[in-house]
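Feature annotations, reproduced from Swiss-Prot:
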type	residues	note
ACT_SITE	Cys114	active site, nucleophile
ACT_SITE	Cys117	active site, nucleophile
COMPBIAS	7-30	compositional bias 'Polar residues'
DOMAIN	78-189	domain 'Thioredoxin'
SITE	Asp108	site 'Deprotonates C-terminal active site Cys'
TRANSIT	1-77	transit peptide
Amino acid sequence: MALHLSLSHQSWTSPAHPITSSDPTRSSVPGTGLSRRVDFLGSCKINGVFVVKRKDRRRMRGGEVRASMEQALGTQEMEAIVGKVTEVNKDTFWPIVKAAGDKPVVLDMFTQWCGPCKAMAPKYEKLAEEYLDVIFLKLDCNQENKTLAKELGIRVVPTFKILKENSVVGEVTGAKYDKLLEAIQAARSS
């Protein structure tokens with residue numbers, strides 16, 4: 001199943017020109033000759049978050065950008081949304097970490113009843129908006145995710161795990177914003 005979208009400035013401003021147009025005069029960036037065509041192979045929503053795998057992303061000849069995605073359930077690799085905090089569970093965490101490749105991944109391990117966790121949440125969301133080269137995840141350490149929390153060695157909440165290339169490279173325990181920021185910057189530069 002493939003969904004082809006061609007977007008242009010004209011199609012966004014004029015209802016007479018639908019965004020599904022494949023007319024090259026309407027699917028290019030005005031004055032540049034560059035195409036805005038994107039091909040999608042599939043997607044899914046997990047816990048209300050749009051999650052995808054990019055199989056191939058490269059700049060094509062003439063400026064065309066092509067991205068393809070596969071159904072992201074089961075053992076398929078997944079990718080979190082950049083610039084947002086993505087909530088994960090025991091089933092979605094490792095596939096997202098694997099899909100991140102060499103990008104740093106920061107995991108906020110929290111509980112609903114934890115006061116310091118609630119205090120850190122807005123700061124953590126701002127970090128996600130600021131550091132677009134880092135994947136920000138959060139894991140509710142409830143009964144359902146207990147096995148993953150144990151696997152990651154949680155002892156206190158909040159705990160922030162910093163991962164890179166499928167391995168934990170840093171940890172910050174407690175609501176220590178400055179230490180978290182240092183750990184993120186260290187992971188980005190390594």
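Cβ coordinates are placed from backbone N, Cα and C, and glycine is handled just like the others.
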Item checked: Densest Cβ neighbourhood among Asp108, Cys114, Cys117 (recorded positions), 10 Å radius -> Asp108
Check: By the DSSP assignment reduced to helix, strand and coil, which category contains Asp108 (site 'Deprotonates C-terminal active site Cys')?
Finding: strand
Item checked: Asp108 (site 'Deprotonates C-terminal active site Cys') and Cys114 (active site, nucleophile), distance between Cα atoms, whole Å -> 12
Next item on the list: Taking helix as H, G and I and strand as E and B in DSSP, count the residues of the domain 'Thioredoxin' (78-189) in helix, strand and coil.
Entry: 46 helix, 30 strand, 36 coil
Notebook entry, point to check: Taking just the CA atoms, what is the gap between Cys117 (active site, nucleophile) and Asp108 (site 'Deprotonates C-terminal active site Cys') in Å?
Noted result: 9
Checklist line | Mean predicted confidence [pLDDT] for the domain 'Thioredoxin' (78-189) | finding: 96
